[in-house]
Amino acid sequence: MLKKCTLFAVLITAIFQVQRSFSQGKVTYKQAEILWDTWGVPHIYAKNDESLFFAYGWAQTQNHGNLLLQLYGQARGKGAEYWGEKYAQADRWVIINGIHERAAEWYALQKPAMRKNLDAFALGVNKYAKKYPDKLSAEAKRALPITAVDVIAHVQRVTHFVFLAPQGQVAAAEKRQGDQNGSNAWAVGPSKSASGNALLLTNPHLPWSDLYLYIEAQLVSPGVNTYGISRMGFPVLTMAFNATAGYSQTVNTNDGQDFYELTPAEGGYRWNGKVKAFETKERTLNIRQPDGTLKEEKMVIRHSIHGPVVSDKGGKLIAMRVAGLGQSGIFEQYWDMARAKDLAAFEAAVSRLQIPMYTLMFADNKGNIFNLFNAEVPVRPLGDWKYWSGVVKGDTSATLWTKTHPYKDLPKVRNPATGWLQNTNEPPWTATVPMVNHYKDFPAYMAPAPTMSFRTQRSVRMLMESGKMSLDQFIELKLSTRMELADRIVNDLITATEANGSAEAKEIAVVLTQWDHNTDNDSKGAFLFDRFVRKWVGGTEKLNSLGTASPLFSTPWNLSDPVNTPNGIADPKAALAALLEAAKEVKATYGRLDVPWGEVFRFKIGEVEVPGNGGPGPMGVFRTMTLGPPSGGKYFPAHGDTYVAAIEFSKPLKAKVLTSYGNATQPESKHRNDQLPLLSEKKMRPVWFTREEAEQHLAEKTVFK
């Protein structure tokens, strides 16, 4: 009872503090200016951190206001209340997991300075909306005003309940399958660098819409000068660099979400041989109807000792337990990571483990490179990673974990002899090759046994085979569109077609022989091969089955030869049949087999449409682009390279970047698609890191006074 009273007091205090911040106007935000460059990137210069956060909230609203307000409304669990039925399922996930309530607790737990910064960020959103109401849609404005608790709830929703514990994983766990979003990251040390300076690559590739979008920005205040990207609506940079150091993050294989099957009994569930009652809460979900009225949906949320019941189908009850929900310091940690001047400062920040997942890649101007399997990994009493990725028994304390591993237990690599580090969402063991960390030296549930997708193998191959790299050569490797899978099996396909001898087979052989295995705009043969692979594996949904465990290859994957295996085709007859069928369809649709990749695959946002390049990650393309459903014989990215930053920690700093879809989503903004031509041409933009550079490329200035 005392605990509940204390929690209630914390929530009331948090709400009061939010209201007081806005009503009394105590945030000193009138000490900042935004230099908007010609690409719509805000370079924010402020005299104190509160002003910096205020201006950043303003800047995000100017570039992405409609989307921003929609995301904050959803983080309250009120998307359906504001915008209708299509948001109801996502709202249920927010409500079941108590996201907004927990956000109020987190707000009260922030250090005073960070709490003021979060208040300032939310105030920046509201002040922009108040000054420019006509710039925002009437629908989006239903979510106003925004509070710091809404911002915290959004960050928690995205981090913990979209990336770490997504709603769709309930079904995936029962089937032991599922795909995840991804990224690429590299760090190259002095021994691999032509200049002797460390190099860093940041390269997330996620869906090109909704909460997955990033905003590019520079944040400058006393003692702070950081450049990078934030997930949409986040008040801090989530991948960043400064003049001396920087880091990137990739989705990792941390299993911080566990599902427990409960045995129903007498209105409760079985627990250690007895019956235990559920803790229950009642909530109301309001759903906006087409006529503007609200329909109420009553929700009864049951909690077992593990966590909320998230599935109740056919009498099968499944509860979910998520790691890291007690770690409220995520904002402070990201802020300190972005400001870290060297490896020691960076490790001091990340060792707090306030971010529940992501592989982190770091480099600094002292020549240090560092890779961390960052994770809130539960200390589990039994089982391996495969066991815990499914549904486990929930009727016994033998499967219940109550704490997580400390920082010292996590796989990490500092300054390897190879001179390079990489991650492409695979388990941590192949951060460099030869391996430094070995699966057998860690708990079996820490991460899956070594496995390498073709994208991972392509990444490792390029780093292993390259000599000392300049920044331009580093970028050239990043922009490579070569398809690793093609290098492994095209010769077998050509042999099979030549043996067949038909006119159709001979034509296919000519196209595949002349193809350079790239997925550039003008690559001829890439589309035919792509269509073949999808048929060969049994459908697009099975592309992720390609790789180390696939039975389709004549030579299986071997850890002792990790970038040359698997290879060859196990069943040439079946492969030829798939190839002939693919060729027939391509010719029927496009009139030719050698249709250029960029004629079929297009980059398109609004009125801008240009030839595309890059290709599917499962086929081993490092410049990852996922083809969405066809439209009029064309394919557009559903997912893929979103942001690229290539940094050399020289003096002065050298860096190039590209935000694929542009730095704005507001309908009237010219920056919602202005970088697509650069993406099509495989070009990047120079970073304007100094104030002088930003002023030389100034498009607009916002001064708060």
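For all residues, glycine too, the Cβ spot is worked out from N, Cα and C.
Per TrEMBL, the feature active site, nucleophile maps to Ser183. Positions annotated as Ca(2+) binding site by TrEMBL: Asp255, Asp258.
Annotated features taken from TrEMBL, shown on the structure.
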| residue | record | contacts (Cβ under 8 Å, 6+ apart) |
| --- | --- | --- |
| Ser183 | active site, nucleophile | Asn203, Pro204, His205, Leu206, Ser248, Gln249, Thr250, Val251, Asn423, Thr424, Asn425 |
| Asp255 | Ca(2+) binding site | Val377, Trp385, Trp388, Ser389, Tyr445 |
| Asp258 | Ca(2+) binding site | His306, Met320, Arg321, Pro378, Trp388, Val392, Trp401 |
